[in-house]
Amino acid sequence: MADYLISGGTGYVPEDGLTAQQLFAIGDGLTYNDFLILPGFIDFISDEVDLTSALTRKITLKTPLISSPMDTVTESSMAIAMALMGGIGIIHHNCTPEFQANEVRKVKKFEQGFITDPVVMSPRHTVGDVFEAKVRHGFSGIPVTETGKMGSKLVGIVTSRDIDFLSEKDYDRPLEESMTKREDLVVAPAGVTLKEANDILQRSKKGKLPIVNDSDELVAIIARTDLKKNRDYPLASKDSRKQLLCGAAIGTREDDKYRLDLLMQAGVDVIVLDSSQGNSVFQISMINYIKQKYPELQVVGGNVVTAAQAKNLIDAGVDALRVGMGCGSICITQEVMACGRPQGTSVYKVAEYARRFGVPVIADGGIQTVGHVVKALALGASTVMMGSLLAATTEAPGEYFFSDGVRLKKYRGMGSLDAMEKNNSSQKRYFSEGDKVKVAQGVSGSVQDKGSIHKFVPYLIAGIQHGCQDIGAKSLSILRSMMYSGELKFEKRTMSAQVEGGVHGLHSYSFLPFTRNGYIEPGSRGHPRAGPNVPSPAVTKHSS
């Protein structure tokens, strides 16, 4: 047998594939479909893959997924769901500043550790006030103090059990006649740790645990519902106060400074400067303003697609960069403006430059499949921002409608005339607020129902983990290290190779990306259990 056919222990492995540097040195603009990653060696199970990654210089996520600041993608419901699953949502700004700030406030109030600014009432408030608060805030466990303010002496608490069976004729009854009195409450002393307080709350079997000082004055409160959320969502993205992380987008004009102030009052964690072309004097000026007024606030700059664009924003002090121009499914910037760059090349070029300064990169746009997420991360992105992939989920804004028997939701680009007509924030993003003739850089369309984020995101997480497993990377930091060291190998795909890599040779087929009748229980990381028959994105196709 010829020597080159003899196997076993030779130590010889021929060179195969291209490094990322070689792949992008060719000069062609590459999209995610234009290349593949060659497989590596597997010595771990997919559940062991650590998806922790940096959103900004100071904020880390356990899941590298972000929902886009689009008015058909992210408001409070989406942001809450994304944060619970370990990612983060960025509230869009195609609305009034007050509406946007209130959406951020809803996210921050959804889950908390020590609640230091709860709704508080006095004994003179009425049962009707509690019902009104329940409608406004979604809960009715309200502490009662002498003055109706924090820092005042605790005299009781009113819960749904106290008022559930009261009728409208009782709405004028003062709370001192309906509340659970102070002597019947379980409380914890000021200075108690969150773990100790949670233990007391569990033993008490109560819904709320007031925290009081030596003078019996209310200083904080914790809620049983938050305990359950901690159990069900161990990956949840939280700040130092145990509130869910939330981001918001703003523009780069003078009136956006007022919007910024309202968002800061609402507790926003990260600001995304929303511009189709981020390398501008407007954005640099806004970065300088924010860093002077709110030096600890994390700021994401963009969008950029070249190292030269990135340099100016990094020099101005951004904490992360958003990469992508004209690559979204509803974006036509490349066609209309002749400006942009294929997303694969954009991510690699900007990430390779920004990493030298410790600035994480967000791959924004062009994500059609979970494989595209893996490719973006393998090219150096720390996180991935998604629009169309999350559109038409239960948590996305808008109402479902039917067309030809298919359940759909509206999805539109922020550069569409549709979005521009709703609010001038969208116009500012494309520098067109003063134009007599508006030039659309996006389109409006519809997307098929994907079901809930709580079922769809676990599918994305599992897909990313399996992709990293096939590559041989046990974490995203290892994945990036393999790419920059040249250990990770790529290969360009011809059009024929792309056809071969997809479904082919069938008359018709059904595509169901994740389990329909089972779902991933939050925190189980890969163990399906029986669940309700919630619609999943299924596609039946026929070959022509």
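Backbone N, Cα and C define each Cβ position, glycine as well.
According to Swiss-Prot, the protein has these features:
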DOMAIN    114-175  domain 'CBS 1'
DOMAIN    179-237  domain 'CBS 2'
BINDING   Asp274, Ser275, Ser276, Gly324, Met325, Gly326  NAD(+) binding site
BINDING   Gly326, Gly328, Cys331, Glu500, Gly501, Gly502  K(+) binding site
BINDING   Ser329, Asp364, Gly365, Gly366, Gly387, Ser388, Tyr411, Arg412, Gly413, Met414, Gly415, Gln441  IMP binding site
ACT_SITE  Cys331  active site, thioimidate intermediate
ACT_SITE  Arg429  active site, proton acceptor
REGION    520-544  region 'Disordered'
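Structural mapping of features recorded in Swiss-Prot.
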residue: Ser276; record: NAD(+) binding site; Cβ within 10 Å: 23
residue: Gly324; record: NAD(+) binding site; Cβ within 10 Å: 27
residue: Met325; record: NAD(+) binding site; Cβ within 10 Å: 27
residue: Gly326; record: NAD(+) binding site; Cβ within 10 Å: 26
residue: Cys331; record: K(+) binding site; Cβ within 10 Å: 24
residue: Gly365; record: IMP binding site; Cβ within 10 Å: 27
residue: Gly387; record: IMP binding site; Cβ within 10 Å: 27
residue: Tyr411; record: IMP binding site; Cβ within 10 Å: 24
residue: Glu500; record: K(+) binding site; Cβ within 10 Å: 11
residue: Gly502; record: K(+) binding site; Cβ within 10 Å: 8
Check: Do you know the DSSP helix, strand and coil residue counts for the domain 'CBS 1' (114-175)?
Finding: 19 helix, 14 strand, 29 coil
Check: Using DSSP, how many residues of the domain 'CBS 2' (179-237) fall into helix, strand and coil, respectively?
Finding: 23 helix, 16 strand, 20 coil
Notebook entry, point to check: How would DSSP class Gly501 (K(+) binding site) in three states?
Noted result: helix
Notebook entry, point to check: What is the separation, in Å, between the Cα atoms of Asp274 (NAD(+) binding site) and Gly365 (IMP binding site)?
Noted result: 14
Margin query: Below 8 Å Cβ to Cβ and six or more residues apart, same chain only. Which residues does that give for Gly501 (K(+) binding site)?
Written below: Leu36, Arg493
Checklist line | From Gly387, Tyr411, Glu500, Gly502, the binding-site residues whose CA lies within 10 Å of that of Gly326 (NAD(+) binding site) | finding: none
Check: What kind of secondary structure is Tyr411 (IMP binding site) part of, going by DSSP in three states?
Finding: strand
Checklist line | Those binding-site residues of Ser275, Gly387, Tyr411 having Cα within 10 angstroms of Cys331 (K(+) binding site) | finding: none
Next item on the list: Name the one residue among Gly365, Tyr411, Glu500, Gly502 whose Cα is closest in three-dimensional space to that of Met325 (NAD(+) binding site); these are the binding-site residues.
Entry: Gly365
Check: If you count the C-beta atoms lying within 10 Å of each candidate's C-beta, which of the binding-site residues Asp274, Ser275 ends up with the smallest number?
Finding: Ser275
Notebook entry, point to check: Which ones, of the binding-site residues Ser275, Ser276, Gly324, Glu500, Gly502, have a Cα no more than 10 Å from the Cα of Gly365 (IMP binding site)?
Noted result: Gly324
Notebook entry, point to check: Given the NAD(+) binding site residues Asp274, Ser275, Ser276, Gly324, Met325, Gly326 in the record, what is the largest Cα to Cα distance, rounded to whole Å?
Noted result: 14
